[in-house]
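Student: What TrEMBL records for 165-272, 273-387, 388-502, 503-610, 609-716 is domain 'Cadherin'. Summarising the annotation, TrEMBL assigns transmembrane segment to 730-752.
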Amino acid sequence: IAELETSSSICAGVVFWGGSRASQPLKPPCRPGFTQSFYTVIVSRDVLHGQSILKVKFEYCQRSREVGFVSNDPNFSVRPDGTVYAEQEVANLSEPVQFMVTARGLHDPHIWETTVKLALAGHPHPLALTKGQTHYHFSCPRVIKFSRKHQRSSSANGLRRQKRDWVIPPINVPENSRGPFPHMLVRIRSDQDKDVGIRYSITGAGADQPPSGIYNIDPISGNMFVTQPLDREERASFHLRAHAVDMNGNQVENPIDLYIYVIDMNDNRPEFQNQVYNGSVAEGSKPGSSVMQVTATDSDDSTTANGMVRYRILSQTPHSPIPNMFTINSETGDIVTVAAGLDREKVSQYTIIVQATDMEGNLNFGLSNTATALISITDINDNPPELTVRTFSGEVPENKVNVVVTNLTVVDRDQPHSPNWNAVYRIVSGDPSGHFTIRTNPITNEGMLTVVKPVDFEMNRAFMLTVVVSNQAHLASGIQSSLQSTAGVTISVQDVNEPPVFPVNPKTIRFEEGVPAGTTLTVFAAQDPDHFIHQIVRYSKLSDPANWLKINRTNGQITTMALLDRESMYVKNNVYEATFLAFDNGSPQASGTGTLQIYLIDVNDNAPVLVPREAQVCERARPNSRVNITASDADADPNVGPFVFELPSFPASVRRNWTISRLSGDYAQLRLRIPYLEASVYEIPIIVSDSGNPPLSNRSVIRVKVCPCDDNGDCSATGAVAAAGLGTGAIIAILICIIILLSMVLLFVVWMKRREKERQAKPLLIDPEDDVRDNILKYDEEGGGEEDQDYDLSQLQQPESLDHIINKPAGVRRVDERPVIAESQYPIRPSLPHPGDIGDFINDGLRAADNDPTAPPYDSLLVFDYEGSGSTAGSVSSLNSISSGDQDYDYLNDWGPRFKKLADLYGGGDDD
């Protein structure tokens, strides 16, 4: 809702409105360059070839007119007079087009730029301009007038028609303008300013709201200014409202909306997301294989050429096999291969320098940036492994395993320590028994031919193997195996002295036990496998736990030295085992061991033994008062049960009191024959016979305790003791001893408690003999030599009289001698002094002690003992001063206040 007026008077800064005329200001100093920094033209969708679109104006300012104009869009060109025209027919122009026109002096290094934007007729655009209309920036400020609603009478009945309002076009301000600032943009005015005083103001973000201060307005003239350069990347548009009020603040006009768009300039370089990109492609890839993508962004307007980025490759390192192995999509940044011949074994990595340029890649006007693309060539298995020689050789001693015979060396140019490089070896012929295998060394990739099954020189003196090597990964398509992937291996077997071998080991024989000593059991002979060497085999005994056997040293004959007993502790499961040694006379000597197992057949040579040997029954015959008995036999079946149990006929009391009944083949039952038997311990003999042929019998004794029983059939305690053989007198004696022992313990406890109470009652009393006060303690004398005994004890003895002290010259007295003077009389403290007299008593005692000359320490001359002559220490008298009496002590004044007294005494000079 505003009206736009453009005229020469407005461009000159003078506005004629409603017949009034303002004074004309001074012209600003002339600056060479385009008169406008941005042109916007509305054109039709079809632009014909050679059709003029607009004419850009250039201010020469007394300079030479030799200036050339260039457009960065190949579809448009500029004539020398500044006319912009279509270079070719541009049909179906569906989007706005923006390009830059550059002026360059032919003899001047300066460059000037302006931007041209072609808007489509009928296409919605923020600039509401008519066809062919050009919007001027900074050079032609506009006047925006508040619209008035013009009304006129259409008929006598008062019908009125309102004039149509104008749509205010937006204000376009280029970013990064160099000023000068503040720079006038438009003028706001009301047609009522002729009648009343008007005050103008603007509100909104950029004026009175953050970011405030970018735009301001002269409240009287209505001139609106921009105060600083703008940055489209920070803010692309502003929405302000203009207000007009009278001097009293009353609204005169309705507010109008002002839209300010910041026109983008190419002031930002493309920025790569990373300075270094890492990509990879397999070697041998076909042209067109994708490698990687690089991306750069431009902060400028992406709908204009300022923000349209294009990519290109500047360099490739190395130039092998050709300098241009890769290409890049100029719009997307995708890098692909354009030629075949990628070989990792020749070039493992390429370094590509990629350049991103805005202005759609125009190197003359666009801004550029670079990044590095590191392309790694990944390995494929295009190189088969090749053995270094056609024939390998080695030797191995017989009967050895896990021995490396030889190392098979191989060469593979693929990536080390990868499946394409790791070698796999196979033996395809020459080893039907599987004596050898080939393990791969993971570090060197060599094949270690190893013995896994012992070889015998007497069977095979040499082996001829055929070995094939391949990779863990299959060869790439089209790659054939090399003839050098196959080689032969010759292995020589070395003969060694093998130990004698027992044909049957262990050897088992069967004999009855009880074979007498000197019986030949068998011949346990060994064979020497070294058929091509004649050697003598000798034998010795290695292990014979029971020492029953001996072996003939020459022929290996086994003979018994003692009776063989199947029931021996050395026989396990009827088998006795002994070990023998066979050795030859080779160099070095070799020996082998053989085990002889003797299965001993049982004979009936052990009589059965009664089990159990002790039992107890009730003195009165009861159904449950019985003893089950059985027997054990060290022999084996059939020389064991069923057993036969019977009571002997002598003594007759056994069969009279007891009876045995058979339960089964191995068990019988012993019980009382009579109703009652006196409690006691009875030894009952029983004869047990086994089922051997002939049978063996044994007379065994079982101790049976007969005791009184309770209702449950268990022996009572008294009865058990009685049954054990203790009489009533013995039981009473035991009880008396227990009572006496308990009484002694009780008396001792009582005495200890009484002694503890006495100690607690008199804690300060001690035994006289433990009191060491006022006693002379005599310690053991540790006598020394003769030199230790030459001393005078008279100085330590108490003198009998004081004559030598009294007659002593005055002025000389020992420090430990007490003066012979009447002792002072100290005040006597009363037994119950009054509390008020304590102070007086203390003061009297203090005065007496101060006036007592006999109180130590004695104020007398100290006389020290003479230490004798011959002392290595010098005399103290030799420590005299070497300085004369004229010494100057004035320096003591400089030592501070602590030495002031000495300075006063000695630093007085001659006057002192």
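Glycine is treated like the rest: Cβ placed from N, Cα and C.
Just so you know, TrEMBL annotations never went through curation; they're auto-generated.
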Student: With DSSP, how much of the domain 'Cadherin' (165-272) is helix, how much strand and how much coil, in residues?
Tutor: 0 helix, 49 strand, 59 coil
Student: Tally of helix, strand and coil residues over the domain 'Cadherin' (273-387) according to DSSP?
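Tutor: Counting residues by DSSP class gives 6 helix, 50 strand, 59 coil.
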Student: What does the DSSP secondary structure composition of the domain 'Cadherin' (503-610) look like, as residue counts for helix, strand and coil?
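Tutor: Residue counts for the domain 'Cadherin' (503-610) by secondary structure: 0 helix, 49 strand, 59 coil.
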Student: Helix, strand, coil residue numbers for the domain 'Cadherin' (388-502) per DSSP?
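Tutor: DSSP composition of the domain 'Cadherin' (388-502): 3 helix, 51 strand, 61 coil.
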